[in-house]
Amino acid sequence: MAGDDSPVETKKGTSKKNPKNSKESTLKQKSPAEFFAENKNIAGFDNAGKSLYTTVRELVENALDSAESISELPEIEVTIEEIGKSKFNSMIGLIDRERVDTKLYDDYETEKAREKRLAKEARASEIQAKNLASGKKNKEPGVSKVLKARGEGSFYKVTCKDNGKGMPHDDIPNMFGRVLSGTKYGLKQTRGKFGLGAKMALIWSKMSTGLPIEISSSMKSQNYVTFCRLDIDIQRNIPHIHLHEKKVNNDQWHGAEIQVVIEGNWTTYRSKILHYMRQMAVITPYAQFLFRYISETPEKNVTIKFTRRTDVMPPIPIETKHHPSSVDLLLIKRLITDTSKKTILQFLQNEFVNINKTLATRLIGEMGTDFSPSMAVKSVTSQQMVRIHQLFRQAKFDDPSGDCLSPAGEYNLRLGIIKELHPDMVATYSGSAQVFEGHPFIVEAGVSVGGKDVKQGINIFRFANRIPLLFEQGADVVTRTALKRINWSSYKINQTQDKIGVFVSIVSTKIPFKGTGKEYIGDDISEIATAVKSAIQQCCIQLKAKIVKRMQAREQQERKRSLSRYIPDATGAVYDVLKQMTEEHRTKRKRYGEEDTVMLDKVSKQIITKETLKEKLAQHVEQVDYEMALEYATQSGVSEEPRENIYLQHLNPNNSNFIDLHSPTFVFRLIL
C-alpha cells in the first residue's frame, strides 16, 4: 500500500532489505576549508611549483595591503629557504631510515636500464671526443635523467616580514585558521582574488608537510609582540592553536612576520617568482623589497633588492556602496536584512550610490501601489524584491564615479618602468573612470622602447588591482589588443625589431577575471577592451612625437656631418683660388675692387690662411644648422621640453609639513 513503511514480504516470507544503506543516504556537509583543500587549483595551488609561487604572492600582497592601510611606505622581506630531506624529517620528528627493499621504490633502476643508460652516455662521450678532434663544435651535453621517487618532494620554508599594521592579538587564530573570514569582503578595490590570503598556504602546508604556520605580529604603539603557532582543522574549518602568547616588544616594531613550510618546486618556478617580484617593483616603486633564496648549495643562493625610488603613495581605496544596476536578488535580500534603516525610502537613499531622495521617491512610485515611501523595509516580500530588482535593471542611473578607486598613477607607473627597465623612451597615460555592469574601472597604460633585459618584439606586462598577472596571457584582453588591434608601424615603431614594453594596469571594485585561476581578463567586455586600446594608443601618440623628433635630430646630425665632411676639400679649393688672385694682384695683371684688395692683402700677409678658412666654414655650418632647427621649431611649435628623471627625497624624514604638487611626469614637493 502506498505510504506504508513496513518491509515488503517476499514469496518465502522473508523481508526484503532496503537497498539504500542508511549511512549512505545521510546528507553530508563540507566545510569551506575542506572544499578548497579538495579544489586547491581554484586558488592557484595546482602543483608544488605553482603552490610555492602562489604562497609568495599571497604573503607579499597581504604585506603591501597592511602597510598601505596605515599610509606606511612598505618594506617587505621575502625569504625562501630550501629544506633537505634530513632537516625536514628532524622538523617533524622522523628518524631517517635506509632503504631495505630497493626494488620496492619508484626510482629503482634495473640492471638492464642501467646498462642502457651507461651505453648511451658512453656513445655521447665518444661523439664529443671525435668532434673535438676534428674541430667541430660540440652540442651542450644533455643533463642525464635522474629518477626521483614520487614521494620525494622538495620542501621550503617561506618567510615574509613587513612593517604594516599588524593584527590584533585575539583575532590572529581566526584570521589564519578559519577560511572565508577576513577584513576584505566589502565592496572596494582589493588585491586579493579569493579572500583566502595566507589561509590557503596553511591548508597546503597541512596537506603537504603537516607543519603549522608561525605568526609574529605587533600593532603600532603596542609594547608586546604576539606569537602564534597554529594549523587548521580542515573538516571543521576552525584553527588548531599550538601556542598563542605575548612577548616583550623592545624594538617598538610593528607589522607581521609569517613563516610557513610547504612542498614546492623552486627549479621550475624560479623565473615566475623573480618576474613577479620585478613586476611588483614596477607597479609599486614606493615599496622596498628584499628577496632571498637560500639553497643547501651556497653557490645557488639568490639575493635581490628592489629599492624604493619615491615616497609618493596612491590613495587608500575606499569602500563604496553598490550601484543599483550591479545588484542581484540575493544581494538585495541581504542588504534589506542587514540595513539599519526603517523605511524603503531611507533604504534606497543610503544603501546605493547615485540614488538621492528625489530619485528614490520616483522609483517607489514606479514600483506600484503596494509600495510607499514610509513602507517598512523589513516588510518587503520576496515578490516585491523581484519587482525592485526588475526596476533596477530597467531604470537609468548615473554612472558611479571612480573616486573609490586607487590607481597606481602615471607618476608611479612611469617611475617603476624607468627604475626596472631603463628604457630609451617611455610614455604613460591614465584614463578617466569608466563603467561596466555598474562597477567603475580605470585603465592606466605605459609603453616603453628599448631598455635592459627586454626582448625584441612586444613584451606585455599585465596588472589587475595593482598585482601582476603572469599566467594565461594569450587570452587576455591586453595581449590581444597589443598584438592585433594596434598598428605599431603608424607610430614609427617596429613591432618585430624594437624592444617594446606594454604595461597595462586595470583597477576596479570588481575585476572580471576569467577561468578558475583568475589569471586573465577576458576579451569579451567591450568597455574594457575599448579603454585598453585607447590607453595604449595615447601612449603611442606620445612616443611617435618623441620618435619623430629623434629622427629629425638624427637627420640634422647626418646633414651636419655631411657638410662637415666637405669642409677640408672646399677650404683647399677656395684657398687655392685666393692665392691665384693674390698673385695676379701682385703682378698687376688684373685689377680688383677695394674690398677684394683688402682681403687679398690679408692672404699675402698670412692673416687669412687655410686653417682660418676651415674654421670659418665650420662656424658657418653650425650657424646654418642652428637656423634650420630654429625655423622648424617656430613652424611646428615646441610642445615638449627636454625632460630629466628627478627623484625627490625628504629633507627631513620626520618633517610632514609639506605640499605635493602632482603632474603626470613628476611630483614637486614644497617643504614648508
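Every residue gets a Cβ built from N, Cα and C, even glycine.
TrEMBL entries are annotated by machine, without manual review.
As written in TrEMBL, here are the features:
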REGION    1-33  region 'Disordered'
BINDING   N62, D162, T183, K184, G192, K193, F194, G195, L196, G197, A198, K199, K518  ATP binding site
DOMAIN    400-559  domain 'DNA topoisomerase VI subunit B transducer'
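Note on N62 (ATP binding site): other Cβ atoms within 10 Å of its Cβ, all shown chains, come to 21. In this view, L196 (ATP binding site) is surrounded by 23 other Cβ atoms within 10 Å of its Cβ, with every protein chain counted. The Cβ neighbour count for K518 (ATP binding site), using a 10 Å radius and every protein chain shown, is 19. Within the model, the domain 'DNA topoisomerase VI subunit B transducer' (400-559) carries an average pLDDT of 88.
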